[in-house]
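Below is one structure; the comments refer to it alone.
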Amino acid sequence: MAAQVPLVSYLVLDGAGPYLSAHVCTACGARSLERRNACPKCGSAAGFDKARLADTGVVTSFTIVQRAAPGVKAPFISATIALDGGGAVTANVVDTEPDPEHVTLGMPVTLTTFVVGTADDGAEAVAFGYAPI
Amino acid sequence: MAGDNVWVLGAHMTKFGRHDDKDVLDLAAIASLAALADGGVTIQDMDVIGAGSLFNAASGIGQQIQKQIGQTGIPVFNVVNACATGATAVRAVYLSIKAGEADMGLAVGVEQMGKMGLLGMGAGGSGKTEYVPSGRDGRVMPTEGLLGTFSMPGVFAQAGMQYLYENDDVDVEHFYKISEKNHAHSTLNPLSQYQKRFSLDEIKAAPMISFPNTMPMCSPNTDGAAAVVLISEERLRSMPKEVQRRAVKISASVLQTDPWVESGAALPDVNTCTRNAAKKAYEIAGVDPQDLDLVELHDCFATAELLHYDNLGLCEPGGAGKFLDEHGPYRDGKIPVNVSGGLESKGHPIAATGVAGVYEITTHLRGEAGDRQIEGAKVGLTHVIGLGSTCGIHILEKASL
Ligand SMILES: [Zn+2]
């Protein structure tokens, strides 16, 4: 099997993956997916722990992009997911039709991954999205 | 004098639309010179300039404008704050006067966008040959379209949909109604880029950009400039009576950014900064939202306008849909919103927009808005959002010295 690299660093593929990993402020518990120098919530620079986020959540907002930038395949569903147990992320909703009959507010979804490209050395880039449960 | 009230002395905006025969400096100079003339003053009277042009942010736009209208050696603040750039330029001048360092200043915003693509649409991904993580999220390739969207039409569509998720008695039909209202309003505004009425059915059937926003529900790309001249109250007292009579008081000038919320990194939060800015502005001005005679708010997309009825306290909490259904934001409603046509029709030359909002309210308070005049308007509010996020609010009042 070809080597796989995550599309973004907060997607963990190895070990118990795939799952999303957050940086958790040791002072206040705020979660960030991206790397931070200090906590955006409380300003503490004491450091971060890592925490696995839930694979499941609900759609709290979405759009169906019909006209995208050059080189971006449309249509696609962009949705913000409130993850069970805390944390929020924006990703595509996949494995369903991109129309307002098939994606709805409050819809429960679960994490899924898929290959989005292959490098010259054969490495595969893996993205995540959410599929309806 | 430090701490003195600040007034709008002069104001002007070019017609918004396409100006292929002019460059960005022509537009800025036209607006600036006309705003100075409108206030009965010249560039020689100015102590400070606040200038913004998002797509010329690194060019020293203020100094370039000086070379068209008068290089008097005064300080220039070149500002950039996304779609709140114009409001930031106004506030930079306001603060200079408030601090007692300037008696008068010029704020100008300008943009020439006619040949650009949809707002916020960067170039897409190209096939990379190796995957090297970069940026704060360690991405190995551009993520637009793979991890949702961060295009403007998409983000503001999602912001609107989030309101539907969190509130009852509101649905996508309300977004179409907002667009219908604003385009209807635009037919009375000769400065608007488009002055064409659309039926609800036409709006729904128009090309879909990013559900639920169709083409007429999105602000177009626009060329245009707007400028205002601000003056201290003390200096205003020495101006001729006919100039004093047309001056409009700035009762509040507020700029706020988005505080941390858990979902803020997933979906930019345009709500909390607006709520915080509005609360502060109402307190400073001693004005209640129900006192407002008109509001110009940031409808860069129809989905955005709905949120701000609630964020600005124009309706009961959660009651944005009801406010619209009860005709509240129409020009003959309780609190007319976007009687200029809003950004959806008037156009959205990014850095000019915030200054143009001040122009629009000023013009109504002076009773000089022609066919679109809100009769007897005494208090107005103008609001902009720069994604990232920044909220700028100015409350203006018709007052006498
Ligand atoms: Zn913290």
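Cβ atoms are placed via backbone N, Cα and C, with glycine included.
Quick caveat, the model's predicted, so the values are computed rather than measured.
Feature annotation from TrEMBL assigns domain 'ChsH2 rubredoxin-like zinc ribbon' to A:22-45. Marked as domain 'ChsH2 C-terminal OB-fold' by TrEMBL: A:53-112.
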(request) Determine which residues of the chain contact the domain 'ChsH2 rubredoxin-like zinc ribbon' (A:22-45) at the Cβ level, with the cut-off under 8 Å and only residues 6 or more beyond its ends counted. (result) 8-10, 51, 53, 86-87, 89
(request) Write out how many residues of the domain 'ChsH2 C-terminal OB-fold' (A:53-112) are helix, how many strand and how many coil, based on DSSP. (result) 0 helix, 29 strand, 31 coil
(request) For the domain 'ChsH2 rubredoxin-like zinc ribbon' (A:22-45), provide the mean pLDDT of the predicted model. (result) 96
(message) Let's see if you can do this one: DSSP helix, strand and coil counts over the domain 'ChsH2 rubredoxin-like zinc ribbon' (A:22-45), in that order.
(response) 0 helix, 6 strand, 18 coil
